[in-house]
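Novice: Pasting in a structure now, in structure tokens, and then I'll have a few things to ask.
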């Protein structure tokens, strides 16, 4: 029972709490408002440590950590941190930070532990202000953000979106340069006057606009791979449960981690495949460590210190300086395959641990990610991190301050590289093999007696390209903090969107009962006509779109569901300038300030693949299962708040092969749908 509930928790974390019920929004009191403003201010213009008019500046400059040792839960954490700092051993302020480097991982964990161990909010704030002035900005941003998520006294508090903190990770260097030019040519009057807020728009394109000579078909998907909110979503999903954090120490249910790692990437890869279909690209190419990599990586995004991200040409072989990792990666792959086929992992004491148990998937996920909860990191290594290092093609530097990480070594840029999808297709193949070796579902597990789908009708499905603006103030340097608040620089880009639609479902029931409706979207292939055979072959290519509880009455039941109600998704994150204005008005007493326990989900506007102008066929799969309210459980996870979940596993019933049965399943329903893309030349400026 526990494992089933946990699987749902993992899905909830991925997509916004599938089938979960949330507490409502809250109205902030004055204590919450002042804390929220302090947190937000610390991440504005985070690369500048010279903003002497900011509140945190004097706080951080005057704070003496050694004199306040009693204000931390664990003095050893403070002593260790200060020793490292005094020895000058931390990453330099202008170096490039990546949590996937072993030295930098150790350092960001020390900074996080320092912030987390502060006994009260004031000590936490003073410590953060001190670190804001002295530590590497990327390391500070990561450690501080995670501390805010996990500290009880900062629960539900928001920070600027990562694309607003580091716009250079999301927009090409030409955009950053134009923003800086605008600031130099027009921003000075804003800073000195500070009477009016002035907004400037910088138009931007996707990578394919600047690289047609490379003719790489993978970049037909640049509007998806480089989507700002999608990349931010992935960043937060990985940062929410850092691989270096021990779940037993930080109120992070241990049984979540492995499933979350798997389900996050399963959902993303399925959604990516559906987008490939809209562009006639077929399945993602497989790769071999000993052969050239098909896809290149071409981008002009750059790090904050002006260094461009390492590139990779099409069909390029592994560089010689990565050869030393080949034996290691091949050994790790062999050990993973042996574990799946034999049915057991080997822990650090040499004991065999059965993985074909309710806890097995979680253990396998931890091992592949190489998280702190892996049962044997020494033997199974950190496959995910090592594979990213090899595929990134970046140079190996002995000095951490000279390191230039690849796009794959930053969670906020990983999805821009086509190799990301090749890598995770390979990783998911291990999980798929594991799933295929599990027993098929029985009739009693699948059927819902007395319940039958009568019909399903759906509005016509349309996608289009809209204009999206992103605040990029952090791309420029400002003379002072207050003046920076009166300048609004925004990058405008075409972004895919969809027209909201309604599901109209008719179900017949012979009794009053409660159930859970699951809706999936998958590809439509013509070679297989029988639905059961189709699911047997392509079950793993379906993405779960929605999930909600229903109460059925005897007889015919009509159910209407809006696409925007999906708990998997969230609408566009409120821009920082609007959020900050609302926050200040609330502090001034002119209007109330409300906040939600749920702050993140998959971008709603990307819930549908693009389709085609003439329409493209996909398949929707509807499944209704019984729900026992006595088997529900509640959990609370950073960014997602409190969730109440049922007892079915993630992706049920498409989490494993669906064999052709000798019985009927009236509580499932297939429907062909067509997705139409409305061309918009004005918005599609790429």
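Glycine too: its Cβ is placed from the backbone N, Cα and C atoms.
This is the feature table in Swiss-Prot:
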SIGNAL    1-19  signal peptide
DOMAIN    32-155  domain 'Hemocyanin N-terminal'
DOMAIN    161-431  domain 'Hemocyanin middle'
CARBOHYD  205  N-linked glycosylation site
DOMAIN    440-676  domain 'Hemocyanin C-terminal'
CARBOHYD  662  N-linked glycosylation site
Novice: Can you tell me how many other Cβ atoms are located within 10 Å of the Cβ belonging to residue 205 (N-linked glycosylation site)?
Specialist: 18
Novice: For the domain 'Hemocyanin N-terminal' (32-155), how many residues does DSSP put in helix, in strand and in coil?
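Specialist: So the counts come to 83 helix, 2 strand, 39 coil.
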Novice: Could you please provide the mean pLDDT value for the domain 'Hemocyanin C-terminal' (440-676)?
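Specialist: Across the residues of the domain 'Hemocyanin C-terminal' (440-676) the model's pLDDT averages 90 on the 0 to 100 scale.
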Novice: DSSP three-state call for residue 205 (N-linked glycosylation site): helix, strand or coil?
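Specialist: The three-state answer is coil.
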